[in-house]
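Look at TrEMBL and you will find 340-356 tagged as compositional bias 'Low complexity'. As annotated by TrEMBL, region 'Disordered' applies to 325-356. What TrEMBL lists as transmembrane segment is 12-32, 47-80, 92-113, 119-138, 150-183, 215-235, 294-316.
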Amino acid sequence: MGRIVNTRTLPLLATVVVFVLIYAVCAVQYPAMLGLRVMGNLLTDNAFLGILAVGMTVVVVAGGIDLSVGAVMGLTTVALARLIEGAGLPPALAFALVLALGGLFGAGVGAAVHYLKAPAFIVTLTAMFLARGCALLISTDSIPIHNAAYDILAGAALALPGGGRLTLVAGIMLLTFLAGGILLHGTRFGAQVFALGGNGHFAQLMGINTGRTTILVHAFCSLMAALAGIVFSLYTRSGYALTGTGVELDAIAAVVIGGTLLTGGVGGVAGSFIGVLIQGLILTWITFDGTLSSWWTKIAIGALLFLFIAVQRLILVASARYGRSGAGPAAPNTPNQATSAPASRPSSGAAAPSAS
């Protein structure tokens, strides 16, 4: 049992227990929440947040943070609207452009973090203001997107039993989580990310190019933010410069509630997925109740976040004592050992699903 439940699996186990408890309470009070219709809406309404959480998970596992994702998401939506409506570009070309720009923006952020030796908090805060300012320069008003291909993509869905629908944006989120899990837990790059988050100095001694890894981590995170912007623009069929204001905090909350340690080196996208669902379930329950303000969602998420940070602190204390006992560290949380790295060198928030 000790091999199954340790300082690395305990946060994820706690997340699963909290999710099951919340879902059970919701299902008992409102049986309709068990239906595929509500679950399909839950995935659709929180697709953008889930995609952001994938990128944020990679960054936090690497021992960093990224406060610019919400602004990059907003910049993406308004840039898409301007490219499609103003310049007349086809959606596919506009998608490719904003994804490329998002990745390059993140690479620049990662380069600044590494080469300037500046705290990621300060660098990404600066990037947040830069991206938001660029978005407002494009337009301060909401720009509706009127495009036949866009309408087809926005309405694409797979029918589910019971009147439910798995929309295209929900499918994109699920595929993103799958790809993020493979990247983080099944590749050499993922092993390097865990090594960087565990101890950057030791990662360098093992031959890992920490600069390259840091740049790629932030590039991936901004790429996910741009993808989230595409998904959100499909969801709303518009672009707005203030889209995603504060959503970076919701993404961080989902990652922490999902069991990823803020100190880095421990975590995974599976837990972040459950963290997103927990936020969505809480808002869904409040919506079904009808008597509570949606702001209670923030209070509940804040309480959960405090609880999980306390759990993380206890885990770190236990790990330190375990290490001093001479028993050795816990097994890595990835199938690729970090030592296998070559010698040469990731206010909108969780949304409640609509009843329709």
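Just so it is clear, glycine is given a Cβ too, placed from its N, Cα and C backbone atoms.
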Maximum Cβ pairs under 8 Å to the transmembrane segment (150-183) - stretch from the list 47-80, 92-113, 119-138: 47-80
Leading stretch by Cβ pairs under 8 Å, where the reference is the transmembrane segment (215-235) and the options are 47-80, 92-113, 119-138, 294-316: 47-80
Distal contacts, the transmembrane segment (294-316) - CB-CB under 8 A, six or more residues away: 7, 10-11, 14-15, 18, 250, 253, 256-257, 259, 261-263, 278-279, 282-283, 286-287, 349-350, 352
Spatial neighbours of the transmembrane segment (92-113) far in sequence, C-beta under 8 Å, 6+ residues away: 64, 66, 68, 72, 76, 79-80, 83-84, 119-120, 123-124, 127, 131, 149, 211, 214-223, 225-227, 229-230
Same-chain residues at least 6 beyond the ends of the transmembrane segment (47-80) whose Cβ lies under 8 Å from its Cβ atoms: 91, 94-95, 97-98, 101-102, 105-106, 109, 113, 120-121, 124-125, 127-132, 134-135, 138-139, 143, 145, 167, 169-170, 172-173, 176-177, 180, 183-184, 193-194, 196-198, 200, 213-214, 217-218, 220-233, 235-236, 238-248, 250-252, 254-256, 258, 260-269, 272-273, 275-276, 279-280, 346, 348-351
